[in-house]
Amino acid sequence: MTTTIRSGRLSSWESFCNWVTSTNNRIYVGWFGVLMVPTLLAAAICFTIAFIAAPPVDIDGIREPVAGSFLYGNNIISGAVVPSSNAIGLHFYPIWEAASVDEWLYNGGPYQLVVFHFLIGICCWLGRQWELSYRLGMRPWICVAYSAPLSAAFAVFLIYPVGQGSFSDGMPLGISGTFNFMLVFQAEHNILMHPFHMIGVAGMFGGSLFSAMHGSLVTSSLIRETTETESQNYGYKFGQEEETYNIVAAHGYFGRLIFQYASFNNSRSLHFFLAAWPVICIWITSLGISTMAFNLNGFNFNQSVLDAQGRVVPTWADVLNRSNLGMEVMHERNAHNFPLDLAAAESTPVALIAPAIG
C-alpha cells in the first residue's frame, strides 16, 4: 500500500486563491473583484484624464467638434467626456482601430473606453456582492437591489445608443451633459408622458418618503436605556439581541395616524417593502428607457382638443408639445435635422408662381 503525504506548504496559486476568497480581509476581493478592480481603475483613470485634457470631439460627425474638458474652457458644471462621434456609429472603436491617437481622440474614443470598462466593472461589483453574501451564508437580496441602478446604467449607456444607432446618442459623462441628455430625451421621446417613467418617479419619491417615515418612526420609538442627560444612542450596543425600538408603539402610532392596515406589524415584511418598492420601480423605468431606445415613445397628444366650432381648446398637452419642439430644434442645430413633427405638415408655398430662369 502506497501512502502519499502532501507537503504542508501551499503553492503560490493556492495562496492566491485563499487570499481572494477569504472573508477575513479588511476589504473582500473575490473572483469578481479580480476583474472589477482593473476595469474600474481603467475607467476612472481615463475619465479623469479626458475630463481634464481631452481635445474637442466631433460628436455629430459634421466636422464641428464640441469641447468638454477643463483645458478647453470648461468648468466642473459644463465639463464632460463627450460621446464618440456619429461617424463611428455603433462600431467598436478601441485605440488600435484608429489611424492615430489624434484621430481616436477627435472621434471620441475615450468615451467608449470609459463606458465599456465602467459597465464591466459595475457588473463585477454586483457579482462580488453576491459572492460575499454566499461566503457569509447570507441571502442574496443585496445584489438583487443593486441590479436596479445597474439596469439604469445599461439602459442609458448601452441599450439606448444601440437602439438609436450610434454611441453619440449615449449620455455624456458630465453634469450639464446629463441634463442635455434628459432634455433631448424628452424632446425626442416624450418620456414625461411614458407610464414607466411615471412609475420610476413614484419609486424615487415614494422610496424617499418611506425611508424618512421609517427612520423617524424608529427614532421616535426607541427603548430608553440611558438617563435624561445622556444621548439615547448610548443605549444601543453593537450586536445586542434585544430590539432597540418598540415596533408595537410605532405600529400603533402610524395605524392611528392613517388607518390600521397602512402600518406593518411585521418587521421583516416592512423591510422587504422598503427595499422592493424603489428597486422594482427603477427596473420598470429602465425597461421604459430600453423601449424608447427603439422609438416606442411616451403618449403624445399631437392633435389639439377642438370645440364644436373647431377652435382649439388650450391644454397642457399643447404646452408640452411646443416645449418638445423647441428643445428638438435646438438640439444638433447645425446637423440640419429638422423635427419630423414640423416637417410632416403640409408645405407652405412662398411664391405663387415659380420665377422663370433665363
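Just so it is clear, glycine is given a Cβ too, placed from its N, Cα and C backbone atoms.
Summarising the annotation, Swiss-Prot assigns transmembrane segment to 28-45 (among others). For the transmembrane segment (28-45), the residues of the chain that approach it from at least six positions outside its boundaries are 19-22, 113-115, 117-118, 120-122, 124-128, 130-132, 135, judged by C-beta separation under 8 angstroms.
According to Swiss-Prot, the chlorophyll a ChlzD1 binding site annotation covers His117. Following the DSSP three-state reduction, the secondary structure of His117 (chlorophyll a ChlzD1 binding site) is helix.
Feature annotation from Swiss-Prot assigns transmembrane segment to 117-132 (among others).
Trp125 (pheophytin a binding site): 17 other CB atoms within 10 A of its CB, across all protein chains. As annotated by Swiss-Prot, pheophytin a binding site applies to Trp125.
Swiss-Prot lists 141-155 (among others) with the feature transmembrane segment, giving sequence analysis as the kind of evidence.
Tyr160 (site 'Tyrosine radical intermediate') carries a helical DSSP state (H, G or I). Sequence-distant neighbours of Tyr160 (site 'Tyrosine radical intermediate') (same chain, six or more apart, CB under 8 Å from its CB) are Asp169, Gly170, Met171, Ile289, Ser290, Met292, Ala293, listed in sequence order. For Tyr160, the entry in Swiss-Prot reads site 'Tyrosine radical intermediate', with the evidence type sequence analysis.
Taken from Swiss-Prot, the feature [CaMn4O5] cluster binding site covers Asp169, Glu188, His331, Glu332, Asp341, Ala343, and the record attributes it to sequence analysis. The secondary structure of Asp169 ([CaMn4O5] cluster binding site), as reduced to three states from DSSP, is helical.
What Swiss-Prot lists as site 'Stabilizes free radical intermediate' is His189, and the listing cites sequence analysis. According to its DSSP assignment, His189 (site 'Stabilizes free radical intermediate') is helical.
Residues 250, 253-254, 270, 273-274, 277-282, 284-285, 287-288, 291, 298 of the same chain lie 6+ residues outside the transmembrane segment (196-217) yet bring a C-beta within less than 8 angstroms of a C-beta in it. According to Swiss-Prot, the transmembrane segment annotation covers 196-217 (among others).
Feature annotation from Swiss-Prot assigns chlorophyll a PD1 binding site to His197. Secondary structure at His197 (chlorophyll a PD1 binding site), as computed by DSSP, is helix.
Taken from Swiss-Prot, the feature Fe cation binding site covers His214, His271. The Cβ of His271 (Fe cation binding site) has 13 neighbouring Cβ atoms from other residues within 10 Å, across all protein chains displayed.
Look at Swiss-Prot and you will find His214, Ser263, Phe264 tagged as quinone binding site. The Cβ neighbour count for Phe264 (quinone binding site), using a 10 Å radius and every protein chain shown, is 19.
Among the features that Swiss-Prot reports, transmembrane segment is placed at 273-287 (among others). Residues 141, 144-145, 147-149, 151-152, 154-155, 196-197, 199-200, 202-204, 206-207, 210-211, 214, 264 of the same chain lie 6+ residues outside the transmembrane segment (273-287) yet bring a C-beta within less than 8 angstroms of a C-beta in it.
Each residue in Met213, Leu217, Ala250, His251, Phe254, Leu270 lies on the same chain as His214, Ser263, Phe264 and has a C-beta within 8 Å of the C-beta centroid of that quinone site, without being one of the site residues.
Cα distances from His197 (chlorophyll a PD1 binding site) to the binding-site residues His214, Ser263, His331 are smallest for His331. Secondary structure at His331 ([CaMn4O5] cluster binding site), taken from DSSP and collapsed to helix, strand or coil, is coil.
Taking the Cβ of Ser263 (quinone binding site) as centre and 10 Å as the limit, one finds 18 other Cβ atoms among all the protein chains shown. Taking the recorded positions His189, His197 in turn, the residue surrounded by the fewest other Cβ atoms inside 10 Å of its Cβ turns out to be His197.
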